[in-house]
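Encoded as structure tokens, the structure appears first; notes follow it.
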């Protein structure tokens, strides 16, 4: 958009230090305070969930949620881990995320490569076909009938994987990347006798790692966090992903039977809040741990996506 | 047979597109047939094609009840709040972060602000519940500790547009501020230098340089939002509000309404009519706003 002007950042960063007047200083303090408080507000809910998942259930009941840990109890985690549900939900979420991401990246990159290829005469028609699905949806009812009645995918893992294999928005991010690759690569390989399949899998994919990582992580996040598909198509508890488990814990009357499996009997009172918070921690745990490493890929993806509209 | 010739010539390339095309056909175009149900009295035993045509009856029922007004208003009103507050706060955050000299501070703050983007709506819902629940929620405990009356927030529809807006800003301010920061990084430092020589304060530089130069980005993001104003965020609203009926008057959007019609009432025809209404309104809006975007900035139109 505004990229015609070259970036001169370092010059500015040095200049910033020269402010002296009182109002300027007050303004700087205000900048730090505002951004700092906002960052804190973003962090506190995570902190609360973590701390209170280790709190004693009776302590929450008595004092409410704690900002600072008063006591330390693993009872909620013990309860969750003893049950069968968390293991099967973890398995479902992981399987769907891994299989879905791999398939989605493959389908999307192959498709995007064709949309970006100058040799393909009908690429703008294909682009429009893709774009149109973004502005005129099939809607819930047709989608439901398709999955449930025509493809018979209810209560299968395919219902959680297939519907997200090609996201037009991510496809266009890839298209814009493939367009930046020099066409000479293609010509040289063709002269050497490689066909388009070989060129794509042997040459293009290996040099496209950055965009594959970015788009792949977006897909993985979508698969991991989704509950819509499970809500629509999965009634069988054994196939509930983690997000669905959280939903059941919010709304389910019989948490003990759900988390533990129906035959389990507990004679202790049920740590309702603890179980909810512990499950949340187990669900967002992998994301929070990976966050420092994956953040930059998301920043890149968002920036490309936004600049390409 | 120009098409056949073109495909034969680049057969491997078109082969690569087959999975993607098949996907679009099956998962995006075939289900469009579902819109036909809006004009039928759908019965599971008769299927989509066998069910009886009833003309506009399903629309009549929807438009004659007050529901259509409530859900349409809520969808537009909530999305409007999200666009204005979400983009507004993100813009302020981006400008402020950009003015901060300490790289470390900036990086840490930005990391925290971006973090909520990564968690699911159900996790967010749990956090909201921790703040607002009646007996043990943080807000009510705080009120009680200060001698004030605790309230049952989940029975008070009036506050929920505000609650949802706060949640939206919390989750997406980081996301949008990344876009704004990228745009600000594209502004040449020379503008600021010459402004400084002329004695401009920092605040004046923000108002007279930064904001005008990233105005187009702001407009495009706003138009993208407005173009989708008829689509509620199902994951967000249903994740947070769920089946809490007392909150429907202010939080029920077209998407949650049609979901309940389909999955809880089993009324395929009504649900389908609501969705077709939404799809058509959505298409009209995006075409109009694309034309507007084209007028403002020819490069920023969407198609």
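The backbone N, Cα and C atoms fix where each Cβ goes, glycine too.
TrEMBL lists transmembrane segment at one of the ranges A:3-24, A:157-178, namely A:157-178. Cβ atoms under 8 Å from those of the transmembrane segment (A:273-294) belong to residues 46, 49-50, 52-53, 55, 57, 60-61, 73, 75-77, 79-80, 86, 90, 93, 217, 221, 224, 242-243, 245-246, 249-250, 255, 259 of the same chain, restricted to positions at least 6 beyond its ends. Contact between the transmembrane segment (A:199-221) and the transmembrane segment (A:128-151) does not hold: fewer than three of their C-beta pairs are under 8 Å, each pair 6 or more apart in sequence.
Long-range Cβ contacts of the transmembrane segment (A:90-116) within its own chain (Cβ-Cβ under 8 Å, at least 6 residues beyond either end) map to 123, 126-127, 130, 157, 160-161, 164-167, 170-172, 174-176, 178-179, 200, 204-205, 208, 212, 215-216, 219-220, 223-224, 239-243, 282-283.
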